[in-house]
Amino acid sequence: MENKDKQPLIIISGPTAVGKTSSSIKLAKAINGSIISADSMQVYKGMDIGTAKITKEEMEGVKHYLIDCLDPKDEFNVMVFKEMALKAIEEIRHEGKIPIVVGGTGFYVQALLYDVEFTKTEDDNSEYRNSLYEYADKFGNEALHDRLKEVDPDSAATIHANNVKRVARALEYFHQTGELFSKHNETQKQRSSPFNYVYFVLNDDRDALYERIDKRVDKMFLDGLVGEVEKLAKMGYTKDLVSMQGIGYKEILDYLDGKYSLEEAKEIIKRDTRRFAKRQLTWFRREKDCLWLDIGKLDYDFSRIIDFMMLEIKNRELI
């Protein structure tokens, strides 16, 4: 199938705090687009400050999907994302608009873009996987992550130790198939995409990005992050939930439990967010067919960023 005969899809990705939200709103307004969030945390209701969730005002009338859809106790993984995103794309196309996928969860973007197929392993609550969860409970998340490092260092490099479900999934896949999970993912990436797409990755100078991350975390505390987490805890959302393992939430829960001082919790959130941004960039560098935009070299001028995007979108006959 020729690219021009495929459904159009625009992707804007990049590390946290790089400016994806602002760019996506301006682009959506320029091309009559709607936005699908590819963020593993902004899908949860009541988790606004710690996820830097876009506000209604910031949306500027642009329709968003996969924001505030699920209760924090609900499971949200790549399979759920792919199913919800495909439904959103269908609705957006039915409305005569262009779908724009925006977010920093590269695994989700990959699954959608290349129509990645998931093995039965990835959807089973198997006895072996449960034994891995028990191992993490007993010896800690880092210990389980170390087991993954031993058999599949490439997967370990892109999966955070606190993402126990993905660590366990990778170990289980190796246990059941004898194949590395990273190799399986690489094979899936070679599939041709069902979309005529352009995949933008925004980036910035590391020091500038890290400074913006630190300022964002400071603002979260000023905006009431502690109160948000306290409210969630009082509603019964505990640290064992995937949602409450997110950066900013687990640290505040530890602060509330007396494990850290407030200042220590803040510094850990900053450190872990910087590390997260580094892992995101590692992932994107492994992706194929990405167009990198260094926003610093464009003088942080969003009009120039959008002009660059529009040129590529037209060249690929997406509009």
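Cβ atoms here come from the backbone N, Cα and C positions, even for glycine.
Taken verbatim from TrEMBL:
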BINDING   GLY14, PRO15, THR16, ALA17, VAL18, GLY19, LYS20, THR21  ATP binding site
BINDING   THR16, ALA17, VAL18, GLY19, LYS20, THR21  substrate binding site
REGION    39-42  region 'Interaction with substrate tRNA'
SITE      THR105  site 'Interaction with substrate tRNA'
SITE      ARG129  site 'Interaction with substrate tRNA'
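Features per TrEMBL, on structure.
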residue : record                                 : Cβ contacts under 8 Å, 6 or more apart
GLY14   : ATP binding site                       : LYS20, GLY104, PHE200, VAL201, LEU202, ASN203, GLN280, PHE284
PRO15   : ATP binding site                       : GLY104, LEU202, ASN203, LEU209, PHE276, ALA277, LYS278, GLN280, LEU281
THR16   : ATP binding site                       : ALA52, GLY104, ILE213, THR273, PHE276, ALA277, GLN280
ALA17   : ATP binding site                       : ALA52, LEU209, ARG212, ILE213, ARG216, THR273, ALA277
VAL18   : ATP binding site                       : LEU202, ASN203, ASP204, LEU209, ARG212, ILE295
GLY19   : ATP binding site                       : LEU202, ASP204, ILE295, TYR300, PHE302
THR21   : ATP binding site                       : ILE54, GLU58, VAL102
THR105  : site 'Interaction with substrate tRNA' : ALA38, ASP39, SER40, PHE81
ARG129  : site 'Interaction with substrate tRNA' : ALA168, ARG169, GLU172
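Reduced to three states, the DSSP call for ARG129 (site 'Interaction with substrate tRNA') is helix. Assigned with DSSP, the residues of the region 'Interaction with substrate tRNA' (39-42) fall into helix, strand and coil as follows: 0 helix, 0 strand, 4 coil. In the structure as shown, the Cβ atom of LYS20 (ATP binding site) sits within 10 Å of 23 other Cβ atoms. In the three-state DSSP scheme, LYS20 (ATP binding site) falls into the helix class. Residues GLY14, PRO15, SER22, GLY104, LEU202 surround the recorded substrate site, their Cβ atoms falling within 8 Å of the Cβ centroid of THR16, ALA17, VAL18, GLY19, LYS20, THR21, which are themselves excluded. Residues GLY14, PRO15, THR16, ALA17, VAL18, GLY19, LYS20, THR21 make up the record's ATP site, and a Cβ search at 8 Å around their centroid adds GLY104, LEU202 from the same chain. The average pLDDT computed over the region 'Interaction with substrate tRNA' (39-42) stands at 95.
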